[in-house]
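Structure first, commentary second.
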Amino acid sequence: MHYYTDALNNKVFLKIFFRTFIFALFSAVMACFFGVVLAFLFKKNDNTFTKPFFKLAQLPVMLPHIFIVLALLQLLSQTGLVSSLLTKIGIIHSYNSFPLLLNDQWQIGIILTYLWKEVPFVIVSLVLVLRQMDNRYRIVSENLGATKWQTFWRVSLPLLMPAIVNAFIINFSFNFGAYEVLYLLGNQTKELLPVYIYDLYVQGDYTQLPMIMSLNLILSVFSIAFAGIVLWLSKHLPGGHTGGI
Amino acid sequence: MESKKITKLVVYLIFAVLILMPLFVIFMLAISKTWSYPSLWPKWVDWGYYFRFLFKSKEVQSSLISSLELAIGTVILTIAIAYPTAMALSYYDFKGKKLLNVLVYLPLIIPSIALLTNMDFIMIKYGLNGSFFGVVSVHTLFCLPYAVKLLYDNLILWKDKYEVASRNLGASSLQTFFKVTVPMNKNGLQGAVMMTYIVSMTQYLSTLLIGDGNYLTLSVRMFPFTTSGKYRMAAVYGITFMLVTLIPLYLIDIWVTHKGRKIA
């Protein structure tokens, strides 16, 4: 049992834990926000863009994270393509003045990677629901004098809420616990949790094992509790959505 | 109304560029020779290079084969577990149904790093690390939530009404399953198989950790090349990956829709 109290008293662990939590929450919220906006923009079947849009959105879901990481390295690193382009145009003088976007303190590279993967994921899961959704609710609501905004906020969004919450939880848990992207694009001084645990597991000796197991259990329990809280909130907040009126 | 259309067009274009740009960059990387700072365009492009490399390199071929082996094994194991689970969840009411519903999603909720390090420990304990079954079962763990969800959503539409009718008319349970359940559930099954295939193909850490380096799949091999700055080699593996995921999935999609029309 003392491993658990040790883990909870470990300042480094707590700091990394908190940082990872904020990071995962931020990227998951961003992904859901953009995903919902885009899904709503392209939901109507009569729109000429809907079909190609949906096909496009499916692409990133099928590709591994390493794909986008590789492309980002070629595009956004200090000696990357965007940097070259800006130098050519004359906006910046040399690659040194291009901001550090990968392996940076603020994890911008990782967030971009996750957004590229997760916004399409949200879109794909929402479009499937939007297609089955009964249009009559919307029409009734507009017929009864609700503005477009009210209809969206009070009718469409609550109907979509379960799908959004599901996607949010999946994204959050992934951001919270996935290792590979952090390993490739992370910043050494601002370590995130998965890398921390992986290093402990691979480099640490077997006496460390109980410690790692207890860390893992704490993380798992935390994630499950967090998912439970999000689900509960989504059901019990007025209007059935977070940040409601 | 016009301006709205234009906004949509602009948003669509930005979205398309953002999605396709990385793919284009990887494609160019795989067929170009020198493409480094500060040139905007590779100095030397050889279209045949990629294919010559693909047929020559034993490493690409062996990783392609192990990717496919694992993916097919995972699809079979996942469907074998997910189908009965989805049927039970959608057809019957039983004690602990809610619990099972939650349990199915747990592999997605628990942080994968926690799950993997513990799984590795267990696999070593039972001597399964590095074995085909060990890796496939870990992949299956990550695929099951998607597979069960997709099958469930489809099965719940009709519940077991048609199965009951079929059994009532004297069909055996096997006949009912293959002639009624599976055909009606085609879309769900297709989605589940595709998703499982994709998830298995994209796994990195699980393949490496549980496989003890015995299974160097395409996505596993891309890693060392990326970290050591050999972007071109990584891109070659990336393009191969796209060839074996996107094209088969596209073909399956066409085949299923085509077949569907014939039945209807």
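Glycine is treated like the rest: Cβ placed from N, Cα and C.
According to TrEMBL, the features are:
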{"type": "TRANSMEM", "residues": "B:9-31", "note": "transmembrane segment"}
{"type": "DOMAIN", "residues": "B:64-252", "note": "domain 'ABC transmembrane type-1'"}
{"type": "TRANSMEM", "residues": "B:70-92", "note": "transmembrane segment"}
{"type": "TRANSMEM", "residues": "B:99-119", "note": "transmembrane segment"}
{"type": "TRANSMEM", "residues": "B:131-152", "note": "transmembrane segment"}
{"type": "TRANSMEM", "residues": "B:192-211", "note": "transmembrane segment"}
{"type": "TRANSMEM", "residues": "B:231-252", "note": "transmembrane segment"}
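Looking at B:9-31, B:70-92, B:99-119, the range that has the most CB pairs within less than 8 A of the transmembrane segment (B:231-252) turns out to be B:9-31.
Within the chain carrying the transmembrane segment (B:131-152), a Cβ under 8 angstroms from the stretch's Cβ atoms is held by residues 69-70, 73-74, 77-79, 81-83, 85-87, 89-90, 104-108, 112, 115-116, 119, 123, 185, 188-189, 191-192, 195-196, 199-200, 203, 206-207, 210-211, 214-215, all 6 or more beyond its ends.
The stretch in B:9-31, B:99-119, B:192-211 that contributes the largest number of Cβ pairs under 8 Å to the transmembrane segment (B:70-92) is B:192-211. Beyond the transmembrane segment (B:192-211), the same-chain residues lying 6 or more positions past its ends with a Cβ under 8 Å from any Cβ of the stretch are 67, 70-71, 74-75, 78-79, 82, 112-113, 116-117, 119-120, 123, 128-130, 134-135, 138-139, 142-143, 146-147, 150-151, 217-220, 223, 241, 244-245, 248-249, 252.
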